[in-house]
Amino acid sequence: MGSKNKLKRFKENETFKNVIQPKREEIEKNMFPLKGKWKEFFGNDNPIVLELGCGKGEYTVGLARQDSQKNFIGIDIKGARFWRGAKSALEESLPNAAFLRTQIELIDQVFAENEVSEIWITFPDPQIKYKRTKHRLTNQSFLARYRHILIEDGVVHLKTDSEFLHGYTLGLLHGLGLDVCYANHDVYKNEGSPWEVLGIQTFYEQQYLEKGKPITYIQFKVS
Ligand SMILES: C[S@@+](CC[C@H](N)C(=O)[O-])C[C@H]1O[C@@H](n2cnc3c(N)ncnc32)[C@H](O)[C@@H]1O
């Protein structure tokens, strides 16, 4: 994407009522006004579902279309990417979809304890190199952040093309004695995955599918 186009999207994001772009400083000083108040933002008590590293936000918009009784928030640091999802949600008048521009590392500072019901992690960079372990979105320190913001029975969904990340996550969950509700290492070949897994495809997923890569899925709990 050219820089002119990016600038145009950044400008438009500022005018979108479903886009929230807090300053890092505001979050770090615990002055982010929506922390603990997301229900007020949506104007209802419905459960809150996050998509981490949402890119263009296919899951956020796709799930919001299907379930008006839940609120969905796509999170990514790249605003020019989620501009697509935010624009679609506005065009389709989906009041239950929003986008938050922030670092996932700050997740437990933008949501309060027990404020979130479900988390989707869609095709994250697997961060295979050992020195990149700290950036893996299912490492122990991210799991602790998710535990903090999730309700007691909250669920995490990981959909990835990376056999490495799939295996790493299963191994870690097993080692920690956490509950794996469902796992499938090739969702389009082996039956049994929920409709959300089969019925919504992301931008990155479509590219992996064209290359014939199996898509994996794990649904798990962190407490
Ligand atoms: C490989 S892309 C996948 C995008 C989308 N989920 C899909 O499947 O098409 C990973 C996304 O995660 C975002 N991301 C990676 N690390 C992040 C972080 N620490 N905080 C916020 N966003 C992050 C990137 O900007 C990118 O859009």
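Cβ coordinates are placed from backbone N, Cα and C, and glycine is handled just like the others.
Cross-referencing Asp153, Asp161, Asp179 with the substrate binding residues that TrEMBL gives (Lys129, Thr202, Phe203, Tyr204, Glu205) picks out Asp161. Of the residues Asp76, Asp108, TrEMBL places Asp76 in the same S-adenosyl-L-methionine site as Glu51, Asp125.
Checked against ligand 1, the binding-site residues Asp125, Lys129, Asp161 give Asp125 in sequence order as having a Cβ less than 6 Å away from one of its atoms.
Local packing around the binding-site residues Glu51, Asp76, Asp125, Asp161, Glu205 was summarised as the count of other Cβ atoms within 10 Å of each Cβ; on this measure the leading residue is Glu51. Sequence-distant neighbours of Thr202 (substrate binding site): residues of the same chain at least 6 apart with a C-beta under 8 Å from its C-beta are Gly55, Lys56, Glu58, Tyr59, Thr122, Phe123, Lys159. Annotation for Lys129 (substrate binding site): no spatial neighbours, criterion Cβ-Cβ under 8 Å with sequence separation of six or more. Take the mean position of the Cβ atoms of Glu51, Asp76, Asp125, the recorded S-adenosyl-L-methionine site; other residues of that chain with a Cβ within 8 Å of it are Leu52, Gly53, Cys54, Gly55, Gly74, Ile75, Ile104, Ile121, Thr122, Phe123, Pro124.
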